[in-house]
Amino acid sequence: MYPAHLLVLLAVCVSLLGAASIPPQPLNLVQFSYLIQCANHGSRATWHYTDYGCYCGKGGSGTPVDELDRCCKIHDDCYGEAEKKGCYPKMSAYDYYCGENGPYCRNIKKECQRFVCDCDVEAAKCFARAPYNDANWNIDTKKRCQ
């Protein structure tokens, strides 16, 4: 084998090892981001919702700071109800449709998938209706979310 071929083979192997160490994004959260984009017609990137208020993003505590944060709390509570039913909301893939009037769940026969899709669609529509206050992005949750 030629030395150049060995270098290419080595580079491919190293690349594959690096890719294998990247944790996968739960499929449902990817779908949820698409639903948000569908509901708000692409007017705000989904990362704006990952660290907003007391409930948008990982975890949550205290009193929601505004209407948008209440949408996130309701979504968190909905996922909590899904877990009580034995569902895995962050891993449940489902079929949805993005129409002129926003996202809809479609052709879902399994109870968990339907429940989680409904949680996500309602949250995405709530996000689209709620005003976005830049002052509530990346807040100090230790002070404001008691």
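Count begins at 1; order follows the chain as displayed.
Note: Cβ is positioned from N, Cα and C throughout, glycine not excepted.
The disulfide entry in Swiss-Prot for Cys87 points, among Cys71, Cys72, Cys105, Cys112, to Cys112.
Listed by Swiss-Prot as binding Ca(2+) are Tyr55, Gly57, Gly59; the candidate from Asp66, Asp76 that the record includes in that site is Asp76. As annotated in Swiss-Prot, Cys98 shares a disulfide bond with Cys38, one of the listed residues Cys13, Cys38. Cross-referencing Cys117, Cys119, Cys126 with Swiss-Prot gives Cys126 as the cysteine bonded to Cys71, criterion being a recorded disulfide. Proximity note: of the listed recorded positions (Cys56, Cys71, His75, Cys87, Cys98, Asp120), Cys98, Asp120 have a CA within 10 Å of the CA of Cys105 (disulfide bond), given in sequence order. It is Cys117 that, of the disulfide-bonded residues Cys54, Cys72, Cys78, Cys112, Cys117, has its Cβ surrounded by the most other Cβ atoms within 10 Å. DSSP classifies Cys98 (disulfide bond) as strand under the three-state reduction.
Distance between Cα atoms for Cys71 (disulfide bond) and Tyr55 (Ca(2+) binding site): 9 Å, as a whole number.
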